[in-house]
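The structure appears below as structure tokens.
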Amino acid sequence: MAGILAWFWNERFWLPHNVTWADLKNTEEATFPQAEDLYLAFPLAFCIFMVRLIFERFVAKPCAIALNIQANGPQIAQPNAILEKVFTAITKHPDEKRLEGLSKQLDWDVRSIQRWFRQRRNQEKPSTLTRFCESMWRFSFFLYIFTYGVRFLKKSPWLWNTRHCWYNYPYQPLTTDLHYYYILELSFYWSLMFSQFTDIKRKDFGIMFLHHLISVCLISFSYVNNMARAGTLVLCIHDSADALLEAAKMANYAKFQKICDLLFVMFAIVFITTRLGIYPLWVLNTTLFESWEIVGPYPSWWVFNLLLLVVQGLNCFWSYLIIKTACKAISKGKAGKWNPLHVSKDDRSDIESSSDEEGSEPPGKNPHTATTTNGTSGTNGYLLTGPCTVDD
């Protein structure tokens, strides 16, 4: 284990030439980032998660109720043992062949079976109240952390001249404000990493998990080798649009469509400006070129900049989706029809709907099938299944 740790913390990888870990030990005159500081993020991430639960229960939920957002879920599907077994054990999206087989077996028409599966799928989706509470928590945290970051950075010389990120590097002392900013951001992303498995499941789960993973790696990496000054610029830029995103979702859940549309436009402008303009032209410029000129490259420098370029790739991908969303909205004359980035209608957790679900009439009998006891084709509530077919 000692050999593995010695290999992992090799000074020639992490630090510039002729710099050792001993040079960055804390002294009475100066404090530097220490790798063990990162352990603080785990208990703090748990505390953030607990604060979130309390916030959603005692702050967000009353606000939602005051806005007439109810916890009513979608229409409950009529209990049916056969269809439930198909839904849980075989497929949630039966194909035409299976629908016809179920129609004969249950003596229901195909349209009623399709309606049942839609209603059953919708039962597993969260209510608008749940989604509003989640968005309000994220809005509150993003607004706080972005405000804190701006207040901290406006007093920092590297905001006004990015070359200060690299002057006297890596012998740049760690201030209390910078330490708090970094550890709080790291703790929040750790909490997102774990809570993503229990939160509302959405279509971009994989990409968001990758984003959170890269964020944790970047924050940890830049803290250990004291690139924290450049890291604060990255964090503040990427926090700038998030509060607007969550505010747009809250307005949508509260059915304030005009406010939602306005917030979405503001979000799109800020997102694209900061992530396709300021981030590459300002932050990547200093991490790639100014640092090369002042400090020079070394192994962890390449890894740090590679991660920053991966982040920029994600920014380009998301900007493309936002522009695509805006074009769809303009063509339909209505903003917020679909958004892959949690905004507006929040396509990733919308309730499926169809015109044939408006009524609540019981399933109709199929005249082409024989009537059997209890509507189960003689199977007494249990299904005789064929080959499993999933239609995604």
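Backbone N, Cα and C atoms are what each Cβ position is placed from, and that goes for glycine too.
Feature annotation from TrEMBL assigns transmembrane segment to 38-55 (among others).
Among the features that TrEMBL reports, domain 'Homeobox' is placed at 83-127.
Taken from TrEMBL, the feature DNA-binding region applies to 85-128.
Annotation comment: TrEMBL describes 130-331 as domain 'TLC'.
Under the heading transmembrane segment, TrEMBL lists 179-198 (among others). When Cβ-Cβ distances below 8 Å are used as the criterion, the transmembrane segment (179-198) is approached by residues 33, 37-38, 40-42, 44-49, 52, 141, 145, 148-149, 152, 205, 208-209, 212-213, 215-216, 219-220, 223, 228, 231-232, 235 of the same chain, each at least six residues removed from its ends.
The transmembrane segment feature in TrEMBL is assigned to 205-224 (among others).
Residues or ranges marked as transmembrane segment in TrEMBL: 260-282 (among others).
Under the heading transmembrane segment, TrEMBL lists 302-323 (among others). Long-range contacts of the transmembrane segment (302-323) within the same chain, counting only residues at least 6 positions beyond its ends with a Cβ under 8 Å from a Cβ of the stretch, are 207, 210-211, 214, 217-218, 221-222, 225, 227, 234, 238, 268, 271-272, 275-276, 279-280, 283-284, 287-288, 339-341.
Annotation source TrEMBL lists region 'Disordered' at 341-392.
The feature compositional bias 'Low complexity' is assigned by TrEMBL to 369-386.
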Secondary structure content, the domain 'Homeobox' (83-127) (per DSSP, counts of residues): 32 helix, 1 strand, 12 coil
